[in-house]
Amino acid sequence: MVLIRVLANLLILQLSYAQKSSELIIGGDECNINEHPFLVLVYYDDYQCGGTLINEEWVLTAAHCNGENMEIYLGMHSKKVPNKDRRRRVPKEKFFCDSSKNYTKWNKDIMLIRLNRPVRKSAHIAPLSLPSSPPSVGSVCRIMGWGTISPTKVTLPDVPRCANINLLDYEVCRAAYAGLPATSRTLCAGILEGGKDSCGGDSGGPLICNGQFQGIVSWGGDPCAQPHEPGLYTNVFDHLDWIKGIIAGNTDATCPP
């Protein structure tokens, strides 16, 4: 069984003390407050996702995180403890590969959001650069986000959790999940023995390999963090031309086939 890594909340309360009914980094520890200035929290239609700030006006996340009434929070660490750098934005524009519905578990699960207003760089807000080279199998990768720390029940932290996993050969994921095509524009990452993984509610967040932003959390096994069931991540490097084209104003830019 597979799980797209975003789950519904039963009720959205005030952000300062909300407890979200979604899942997050399994097997991780609290992120250092200074290591994720690019990490954003996305709320929409009673759901939660992550995302990555790539410049002062643009956020990259997963296409399946699209919804109405979207709110994007930047500069956040603790949900309960406000800080002077926290900012709220809403989308001005959203861009997809072909359409908002034309994605699969292995292709085009990517969304580029233009914020309604730019954000200023601060101690807790700063963009993450797009990758300068393709990812390498065997790389150590960092995942991060807010949500449950248990694969079987909702146990939600107030602060984002971080964990290190490995970039695996795509064939490992093909062996784990029936129906994956021979080639795709996704990355396979996890720990073969299990215990560490992204999970529901992490969707759209970053996969950072050897210091470079290489992937977007997309989907994986259910329950999360099981042996020989890694996660699937949209390959950012494969979509660079599309991302750069959209940001430059070419709204006709197309994703790779």
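Every residue, even glycine, has its Cβ placed from backbone N, Cα and C.
H64 (active site, charge relay system) falls within a helix when secondary structure is assigned with DSSP. Its Cβ taken as reference, H64 (active site, charge relay system) is surrounded by 23 other Cβ atoms within 10 Å in the chains shown. Residues annotated as active site, charge relay system in Swiss-Prot, with similarity to another entry given as evidence: H64 (among others).
Positions annotated as active site, charge relay system by Swiss-Prot: D109 (among others). DSSP assigns D109 (active site, charge relay system) to coil in the three-state reduction, placing it in neither a helix nor a strand.
The active site, charge relay system feature in Swiss-Prot is assigned to S203 (among others). The Cβ neighbour count for S203 (active site, charge relay system), using a 10 Å radius over every protein chain in view, is 31. In this structure, S203 (active site, charge relay system) belongs to neither helix nor strand by DSSP; it is coil.
Swiss-Prot lists C31-C162 (among others) with the feature disulfide bond. Summarising the environment of C31 (disulfide bond), the number of other Cβ atoms within 10 Å of its Cβ, over all protein chains shown, is 21. When secondary structure is read from DSSP and collapsed to three states, C31 (disulfide bond) falls in the coil class.
For C49-C65 (among others), the entry in Swiss-Prot reads disulfide bond, with the evidence type sequence analysis.
According to Swiss-Prot, the disulfide bond annotation covers C97-C255 (among others). Other Cβ atoms within 10 Å of the Cβ of C255 (disulfide bond), summed over all protein chains shown, number 21.
If you take the C-beta of C141 (disulfide bond) and look for same-chain residues 6 or more apart in sequence within under 8 angstroms, you find N164, I165, N166, L167, A189, L207, I208, C209, N210, Q214, G215. Look at Swiss-Prot and you will find C141-C209 (among others) tagged as disulfide bond, backed by sequence analysis.
In sequence order, L167, L168, D169, Y170, V172, C173, P230, G231, L232, Y233 are the residues near C188 (disulfide bond), counting only same-chain partners six or more apart with C-beta under 8 A. In this structure, C188 (disulfide bond) is part of a beta strand by DSSP. Summarising the annotation, Swiss-Prot assigns disulfide bond to C173-C188 (among others) and lists sequence analysis as the type of evidence.
Annotated disulfide bond per Swiss-Prot: C199-C224 (among others), in sequence order. Its Cβ taken as reference, C199 (disulfide bond) is surrounded by 31 other Cβ atoms within 10 Å in the chains shown.
Swiss-Prot lists 25-248 with the feature domain 'Peptidase S1'. Mean pLDDT for the domain 'Peptidase S1' (25-248) in this predicted model: 93.
Residue density at N102 (N-linked glycosylation site): 12 other Cβ atoms are found within 10 A of its Cβ, drawing on all protein chains shown. Under the three-state DSSP scheme, N102 (N-linked glycosylation site) falls in the coil class. Sequence annotations record features per position, and here Swiss-Prot assigns N-linked glycosylation site to N102.
Under the heading signal peptide, Swiss-Prot lists 1-18, citing similarity to another entry as support.
Its own atom aside, the Cβ of C65 (disulfide bond) has 26 Cβ atoms within 10 angstroms in the protein chains shown.
D109 (active site, charge relay system) has N102 nearby among the recorded positions C49, N102, C162, C224, counting only those with a Cα within 10 angstroms of its own Cα. When the recorded positions C31, N102, C199, S203 are screened for a C-alpha within 10 angstroms of the C-alpha of C65 (disulfide bond), the residues that qualify, in sequence order, are S203.
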